[in-house]
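What follows is a short report on a single structure.
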């Protein structure tokens, strides 16, 4: 008696990838533990964090049930909604810490720029899937317009860090479509030539100051350099095994700013040490490798470039946050994915993982349609 190779397993029926789900749950538990410490054992914040995790998991499960071809069909509508929301932010968005990035609808407050991190790669993947790969020069130009329209709207908030990530979320999808290295080389040269224009004419004074603080934070230890100095102290004092959960001096004595959001990695490093850092990095590596494996097995161009693009941008999120907190990159306000406190970012990330699981678990259906 032999097993039926076409027989669906439980995970096939619920359209979830158990390996990815297990890694995600481990990261979310890790996040909850560090948030509890970073918040000073704030019960209210912890309750909200658990609610965000629960909502994120529900959205991921729901998104995983929807076939990839539906996402491909929805992409233009989501993209248009995203553009409208970004314009709405510019018109009557809520101002926080000098930036106009939020829409406050009374019952919910969110950042439309987070939606762009899903809407842009979806739209570019849909556009690419309807063309031969690699895309023609004309269609590459159209794809770039689709990428940079929302990017410029986010940059105008101003939010340079998020705008770069939005651009990269689309550019990675375009890269995975098989662009020639010659074209990529030309793009790199153009970007390099644009940097002086960005520095002298487009960046705000505080953004330039952040870059300068990267070189010499001690020049303003109580002002612009304070964040990175305190973060370095926290990371360096953690040692091999850390000071112990809930026993970090920089975090518990509130020397470390934004310790539950952008600088949560410093809290983790101080309290759990190098061992805790390596566990976190191992989970991220496993998650990204699993996502790239799913991308490699996808049966359509849409599935391949979408899953691959989401995993590459996840790597960039992790790299930028850890680099920022460690003092090797400027402070740009990028949270640590799946770990930092924040509902909008977590829900969008979990939605992205739901799409990746959908691409994986619907691959048999896709192979029949090709």
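Cβ atoms are placed via backbone N, Cα and C, with glycine included.
On a predicted model such as this, the values are computed, not experimentally measured, just so you know.
Straight from Swiss-Prot, the features:
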- 1-19: topological domain 'Cytoplasmic' (TOPO_DOM)
- 41-49: topological domain 'Periplasmic' (TOPO_DOM)
- 71-74: topological domain 'Cytoplasmic' (TOPO_DOM)
- 96-111: topological domain 'Periplasmic' (TOPO_DOM)
- 131-135: topological domain 'Cytoplasmic' (TOPO_DOM)
- 204-262: topological domain 'Periplasmic' (TOPO_DOM)
- 284-311: topological domain 'Cytoplasmic' (TOPO_DOM)
- 357-370: topological domain 'Cytoplasmic' (TOPO_DOM)
- 20-40: transmembrane segment (TRANSMEM)
- 50-70: transmembrane segment (TRANSMEM)
- 75-95: transmembrane segment (TRANSMEM)
- 112-130: transmembrane segment (TRANSMEM)
- 136-156: transmembrane segment (TRANSMEM)
- 160-180: transmembrane segment (TRANSMEM)
- 183-203: transmembrane segment (TRANSMEM)
- 263-283: transmembrane segment (TRANSMEM)
- 312-332: transmembrane segment (TRANSMEM)
- 336-356: transmembrane segment (TRANSMEM)
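Distant neighbours of the topological domain 'Cytoplasmic' (131-135): 143, 174, 177-180, 301; these residues of the same chain sit at least 6 beyond its ends, with a Cβ under 8 Å from one of its Cβ atoms. Taken residue by residue, the topological domain 'Periplasmic' (204-262) breaks down under DSSP into 30 helix, 0 strand, 29 coil.
Here the transmembrane segment (50-70) has long-range neighbours at 14-16, 24, 28, 31-32, 300, 302-303, 306, 342-343, 346-347, 349-351, 353-355, 357-359, 361-362, 365-366, 369, meaning same-chain residues at least 6 beyond its ends whose C-beta is under 8 angstroms from one of its own. With Cβ pairs under 8 Å as the measure, the transmembrane segment (263-283) is packed most heavily against 20-40, out of 20-40, 112-130, 183-203. Counted as Cβ pairs under 8 Å, contacts with the transmembrane segment (20-40) are highest for 336-356 among 75-95, 112-130, 183-203, 336-356. Non-local neighbours of the transmembrane segment (336-356) in the same chain are 17, 20, 24, 27-28, 30-31, 34-35, 38-39, 45, 48-49, 52-53, 55-57, 59-64, 68, 71, 110-111, 114-115, 117-118, 122, 260-262, 264-265, 268, 280, 291, 294-295, 306-307, 310-311, 314, 317-318, 321-322; each lies 6+ residues outside the stretch with a CB under 8 Å from one of its CB atoms. Counting only same-chain residues 6+ beyond the ends of the transmembrane segment (112-130), those with a CB under 8 A from a CB of the stretch are 71-72, 74-76, 78-79, 81-82, 85-86, 88-89, 101, 103, 139, 142-143, 146-147, 150-151, 154, 157, 159, 162-163, 165-166, 169-170, 172-174, 177, 300-302, 305-306, 309-310, 313, 344-345, 347-348, 351-352, 355. Over the topological domain 'Periplasmic' (204-262) the predicted model carries a mean pLDDT of 85. Under 8 Å from some Cβ of the topological domain 'Cytoplasmic' (71-74) lie the Cβ atoms of residues 122, 125-126, 129, 302, 306, 355, 358, all in the same chain and six or more residues away from its ends. Long-range contacts of the topological domain 'Cytoplasmic' (284-311) within the same chain, counting only residues at least 6 positions beyond its ends with a Cβ under 8 Å from a Cβ of the stretch, are 17, 19-20, 23-24, 27, 68, 71-72, 121-122, 124-126, 128-129, 133, 169-170, 172-173, 176-177, 318, 352-353, 355-357, 359-360, 363, 366-367, 370. Within its own chain, the topological domain 'Periplasmic' (41-49) is flanked in space by residues 31-32, 35, 246, 260, 341, 343, which lie at least six positions past its ends and keep a Cβ under 8 Å from the stretch.
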